[in-house]
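Structure first, commentary second.
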């Protein structure tokens, strides 16, 4: 084999390996893996696993599903993300927001929740392959905050009935509020006392973690701080275990004073394709098409919110820990996780901020920590399900309330009021509509944000100054929605004035121009010629000038500087294409 052919084969092999590394980031960090990393990943995976199990059980309640479905959804992400993820910190699994969205779409029907996971994963993976991650940029921060605040209120209040031990409460938010207060006299004393104790203990441990952490000091002090931090980090598991022991003890003596989780399916979920049809209680078979039609807008909202939540978390911790992520690769990781999760009866998952924070603070060194977390969930499914029978619902409700409480960020409202009051509009629309239907809140907020964005495009700021002739400076780009507005300003302030006035149009902010703008400029130039005044362009960018010249506009005049344009209009410069004149300070407001 000759050398050129060998070089071509070698280059092709290197290219293939680089492409493979791009699609499977594990090939980048695994060859550099160290024994010290293994120790830290084991510790982080164990800590996150003890946080994941009680949260997964609790979030399944939010999704309206049997609690084992929370664990079914909690282990696939660790294995898939280790292969495909680009962040060492992110953990994928059930979250409060995705659980609420899932309930709003499938109404607590397990088979449809699993099918929803498959369809969401396919949409997310397709977006990754088509490099459509930029679409997430169209969901503004006020919309995200409005949704998360409303979701926190909805989820948190939805658990009050479990703290009170109430039954028969409807799930629709406004009815839920009414009937919760209406049925307070029926509250179970045991559930109330246990729920409040769990809440108090969780809040105390959370504040202890915040105040103590693992700071510096004498060796004994550092050890105490680390011990407190470890206990506080595993607070969810400790509180649920303690509450379960209390419930078991009372039940053993014949006192059934707590509402417990009850019978749970034991063992690992079977690996099988998700169901493509469903059967109602009366035996009616619902086809795949009818199920998808029933999902409605949820098929757009859930994949987008899952991607948005996961990528926002990945970017935040990448910035904090000084590394980079690949947004499209993150899309692929979460998409494949949801696809494969549907084969083990999982409902849609995304990145969890709380568990990712625990993972990062524990010192995880690679995505391999997720494997340990997944193993702990699998062991729980295999051996601990009988013990979950005695978990009080009040303790799971306390875990959920403490998890979602920090999402109610009231300070963001004050900040938006100070910075840009108009941003409160999409925030308020999203927040209020989310109490009606969560997906409607998101779509309403995005629609309002889109209208505001289009309004800014259609009404660009135009700074007008008077130097014998009118000088109009466009403070932003010029595209077809803005042509009518620009034409109106020029007509009212120049062409309809008595006598008509010449105009210098400063276009140094205009970087792109379209056919509609060209058509309107052609008409304006004709109107100026009819009135024997001039419209002169200045400081045109080369790409825009090229388009104007190609359009062959009759009467086109332009200059490289504001001073040259003013001289051209006043008649002191005979050359309509004067160049390289110095720019003078002419921008004074009228």
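Yeah, the Cβs are placed from backbone N, Cα and C, and that goes for glycine too.
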Candidate ranges 170-188, 189-207, 208-226 [criterion: TrEMBL lists as transmembrane segment]: 189-207
Per TrEMBL, the range holding transmembrane segment, considering 11-34, 83-106, 227-250: 227-250
Feature transmembrane segment in TrEMBL, mapped to one of the ranges 148-169, 258-279, 434-455: 434-455
Secondary structure tally of the domain 'STAS' (468-553) (DSSP, helix then strand then coil): 42 helix, 13 strand, 31 coil
Stretch in 42-60, 330-349, 434-455 most in contact with the transmembrane segment (369-389), if contact is a CB pair under 8 A: 42-60
Considering the transmembrane segment (330-349), which listed stretch of 42-60, 227-250, 295-318 counts the most C-beta pairs under 8 Å: 295-318
